[in-house]
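Notes to accompany the following structure.
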Amino acid sequence: MLSCWVLLLALLGGACALPAPLGYSQALAQAVDSYNQRPEVQNAFRLLSADPEPGPNVQLSSLHNLNFTIMETRCQARSGAQLDSCEFKEDGLVKDCAAPVVLQGGRAVLDVTCVDSMADPVRVKRFWPLVPVAINTVAAGINLYKAIRRK
């Protein structure tokens, strides 16, 4: 009888010692950290966006790829600083990354591949400054039409 209790406790203790499955947000953090450990990376990169965005309904096991965008920060890559406290570098590099999700024994094995982003994070021209130009052009056209019609 004692051996049954010992066996039961050993099984329960072993089950409790198993690592918790990796969540989507944790996998993204692990992928960014993996990229930052590369020898060619001087300044650390931080997560800019992910597709899909992290949320309670996103399960890592349902994804085939992690797709995310990272941006260069002002912190050194191997300084040990918390990435959340690092500010993005003005005109810093932006990279689009992908990592196939391979689950082995409840752990994710990530092979991160990043390329320079084609999206330019600098300011874009806005529509509103062009409105006065358009109004003046239309008004000049109307005045020209009226002048021609009078003749």
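In case you wondered, yes, glycine gets a Cβ from its N, Cα and C as well.
Annotated features, as they stand in Swiss-Prot:
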- 1-17: signal peptide (SIGNAL)
- CYS75-CYS86: disulfide bond (DISULFID)
- CYS97-CYS114: disulfide bond (DISULFID)
- 128-148: transmembrane segment (TRANSMEM)
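Same-chain residues lying 6 or more positions outside the transmembrane segment (128-148) and placing a CB less than 8 Å from one of its CB atoms do not occur. The local packing around CYS114 (disulfide bond), expressed as other Cβ atoms within 10 Å of its Cβ over all shown chains, amounts to 21. The DSSP secondary structure for CYS86 (disulfide bond) is coil. If you count neighbouring Cβ atoms within 10 Å for each of the disulfide-bonded residues CYS75, CYS86, CYS97, the highest count belongs to CYS97. Cα spacing between CYS75 (disulfide bond) and CYS97 (disulfide bond): 20 Å, rounded to the nearest whole number. CYS86 (disulfide bond) and CYS97 (disulfide bond) have their C-alpha atoms 20 Å apart, to the nearest angstrom.
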